[in-house]
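Per TrEMBL, the features are:
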type: TRANSMEM; residues: 27-52; note: transmembrane segment
type: DOMAIN; residues: 41-289; note: domain 'G-protein coupled receptors family 1 profile'
type: TRANSMEM; residues: 59-81; note: transmembrane segment
type: TRANSMEM; residues: 101-120; note: transmembrane segment
type: TRANSMEM; residues: 141-168; note: transmembrane segment
type: TRANSMEM; residues: 197-216; note: transmembrane segment
type: TRANSMEM; residues: 237-260; note: transmembrane segment
type: TRANSMEM; residues: 272-291; note: transmembrane segment
Amino acid sequence: LAMGGNYTQARFILLGITDTPWVQAPLFVLFLLIYIITLVGNISLMVLVWVAPSLHTPMYFFLTHFSLADVCYSTVISPKMLTDLLFGDKTISWAGCVTQFHLFALFVTAECHLLAIMAYDRHVAICHPLSYVLVVSPRACWQLVAWCYLVASLSALLFTGCTFGGSFCGPNHVDHFFCDASPVLRLACSDTRGCEAAIFALAAANGLGTSVVILLSYGRILHAVLGTSSTPSRARAFRTCASHLASVAVFYGSLFFMYLQPASRHGSRDKVASVLYTVVSPMLNPFIYSLRNREVKAALGRGRRRVLNLC
């Protein structure tokens, strides 16, 4: 198969999380359960926000897109990983590998920017409540989300071009459970130093840029909360910020570990870090960002009573 004048593989073989036979069945059951919880949790949140008028606010508008990104990039990774664990056929076509990585890069980058938008939204709501309606208007919400997807789309095109733009004429065994940049680039026959530098720069621009917005926003929130005289309000805000920042730390920590280190340092620990942000984080996010909120609990209670009355 020729691409851009260079010969490349017609297919790749994903080595997966482990090649130990007796471990694969328990892992299949565990990851299937996590994937089902991810789908049910995130889709339920999106439906709840759609049907509950009390949740038609900017915060939950951003949360629905955040949940959509979780569902999408989890679905890009998990079904292929599950079939590999169950059936043992770990081959993936060249087009399938490129598509999987491109969609993964798109939705993960979108999630980084959505996290920054959500943190900024909370900062405006708590620190500048009088101007919140003007700053975070419906038009501004759509513009922020559109900008997020635009940046993510452009970044994903660059990530994919840098990862698959060379020639792949040698080994075709990808030492990972999905087509990620570092394990794929290790198989390239051409010089990849320029591509690795470009991927590092893109990851730094998206990851560090959005993480700075998140940290500054939560820093201002905590500063504002400390100035209040209400002890219960301070405690509630601290709990909320702590849970959000814990989720951000897991997500960004594993991403930075994967993409902001030299290629020579990548190894078996990459798979553990990848599991955290591709499998575990999408499952936890609905519980951390929404199901602990009073508004969501109230909407769930109203929905439950409505269903019981119909029965």
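From the backbone N, Cα and C atoms, a Cβ is placed for every residue, glycine too.
Heads up, TrEMBL stuff is auto-annotated, nobody curated it.
Comparing 141-168, 197-216, 237-260, 272-291 for CB pairs under 8 angstroms to the transmembrane segment (59-81), the maximum falls on 272-291.
Confidence over the domain 'G-protein coupled receptors family 1 profile' (41-289), given as mean pLDDT on the 0 to 100 scale, stands at 87.
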